[in-house]
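Okay, so here's the structure we're looking at.
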Amino acid sequence: PEDTIASRFRLSGLCFLLQILTIILFAAFVRYSPESSSAGRRVAACPRCLQTHPSTSALPGFRDVHLQALLGFGLLVAFLGRYGPGSVAISILIVAFAVQWAVLIQGFLYFFQNGKIYVGAQSMVSADFCTAAILISTGAVLGRVNPSQMLLLTLMGVTLFTFNEYILLSLMGISDSGGSLTVHTFGAYFGLMVSRILHQPHTDKRKEQQDTGHQPDVFAVVGTIYLWIFWPSFTSATTVRNNTEPWAMLNTYFSLAASTLATFVLSPVLYEESTLRMVQIQDATLAGVAVMGMAGEMLVTPFGALTAGFLAGLIPPLGFRFLTPVLRSRLKTQDTCGVHNIHGLPGILGALLGTLLTALATADAYGGRLELVFPLVAQGGRTATDQALYQLCALPVTLLLATLGGCLTG
């Protein structure tokens, strides 16, 4: 009981301190962007922000991305029998703090001018991308850390995510609009390294999924439907510009469809259950969107999106059947929600696919889009091969930052 009282007061005190800190920082630095041409130039410093026509509103994209972060991820962790309701509450706590902290950290890098951070709908979209990565990370340690520790993980994770994103998108000039590397790969391996440092012998949480009742499965159904509705908007939130065809949205839908079928191909073969559990379809859906994060806005073609989605959909069932037991026994990595199979490996596959498509990019194939997808290539600063090498180098950079940051945070 004394432990419980101490942990309650610890959480209460930490929430109070963090909120007061952010209020003070917001009061000192954060202002709304003025509606002027100078605001447009200010926003352009952020690589996740749209270069839209002045009349184009960012609010629909922000709404979809925010719903995805809150409802999609919130409901997806409810399938865990023992931790379901508490996990949803912790997800909302993480979103509430991560958005505030991300606005500040990203603001100092992208929106800082004349001693102030100027925010608008675009900076909120960018903050929600960051929040999504942190929610992925927490999936690896769910049920084994308390809410206070989750807040500290969020504090460190948001800072490291922003640093990684700044290196990749601003310094290296990488094209990763949907976040195969910055969101899925970073989030998964950051969480896995925290989990490895916090390893506790003789516990196996993944098996608890087998003991899920009807209600958690209903949550998984609703969460998966939210993924289908809103993730194509999430992937394309920073890519749909002016009146161009939304390739990222269409490619994500094709990938989702193929990855879901892939699970129905493999799961009956690998598992003895006669009917698929909703959690498996949910895993396939996430793998399908992770693989399209980088390649979505590129010229994948519908056939390519279906192929990539199908390959990504094979990863979760194979991973849970063969790879997860090895990681657990050999590397002592506990992974409550299986983020390695659902986000990590499909994210790496998406980065490799994006690298291949970058190498094949030509002005004839992309037309006016080349300026939007690969601005440095369009301006003559790099060849397509150079850009592809940068895209490829971004993968080890992300893995290094995620693993070192995860060790430090753990």
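Residue numbers in this text run from 1 along the chain shown.
Placement of Cβ uses the backbone N, Cα and C atoms for every residue, glycine included.
As the structure is a computational prediction, the values presented were derived from the model and not from experiment.
Per TrEMBL, the feature domain 'Ammonium transporter AmtB-like' maps to 60-409.
Taken from TrEMBL, the feature transmembrane segment applies to 12-32 (among others). Long-range contacts of the transmembrane segment (12-32) within its own chain (CB-CB distance under 8 A, at least 6 residues past either end) are made by residues 97, 100-101, 103-104, 107-108, 112, 115-120, 148, 151-152, 155.
Annotated transmembrane segment per TrEMBL: 65-81 (among others), in sequence order.
The annotation transmembrane segment is assigned in TrEMBL to 88-112 (among others).
Summarising the annotation, TrEMBL assigns transmembrane segment to 124-143 (among others).
The transmembrane segment annotation in TrEMBL covers 150-169 (among others).
Feature annotation from TrEMBL assigns transmembrane segment to 218-240 (among others).
As annotated by TrEMBL, transmembrane segment applies to 252-271 (among others). Beyond the transmembrane segment (252-271), the same-chain residues lying 6 or more positions past its ends with a Cβ under 8 Å from any Cβ of the stretch are 178, 227-228, 231-232, 235-236, 280-281, 283-285, 287-289, 291-292, 296, 302, 305-314, 316-318, 321.
Look at TrEMBL and you will find 306-324 (among others) tagged as transmembrane segment. For the transmembrane segment (306-324), the list of distant contacts is 206, 254-263, 265-267, 270-271, 280, 283-284, 286-288, 290-292, 295, 300, 335, 338, 340-342, 345-346, 349-350, 353: same-chain residues at least six beyond its ends, Cβ to Cβ under 8 Å.
Beyond the transmembrane segment (345-368), the same-chain residues lying 6 or more positions past its ends with a Cβ under 8 Å from any Cβ of the stretch are 175-176, 180-181, 183-185, 188, 244, 286-288, 290-295, 298-300, 304, 308, 311-312, 315, 319, 374, 377-378, 384-385, 387-388, 391-392, 394-395. Among the features that TrEMBL reports, transmembrane segment is placed at 345-368 (among others).
What TrEMBL lists as transmembrane segment is 388-408 (among others). Within the same chain, residues 137, 156-157, 160, 163-164, 167-168, 172-176, 181-182, 185-194, 196-197, 294, 348, 351-352, 354-356, 358-359, 382 sit at least 6 positions outside the transmembrane segment (388-408) and bring their C-beta atoms closer than 8 Å to a C-beta of that stretch.
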Rounded mean pLDDT for the residues that make up the domain 'Ammonium transporter AmtB-like' (60-409): 84
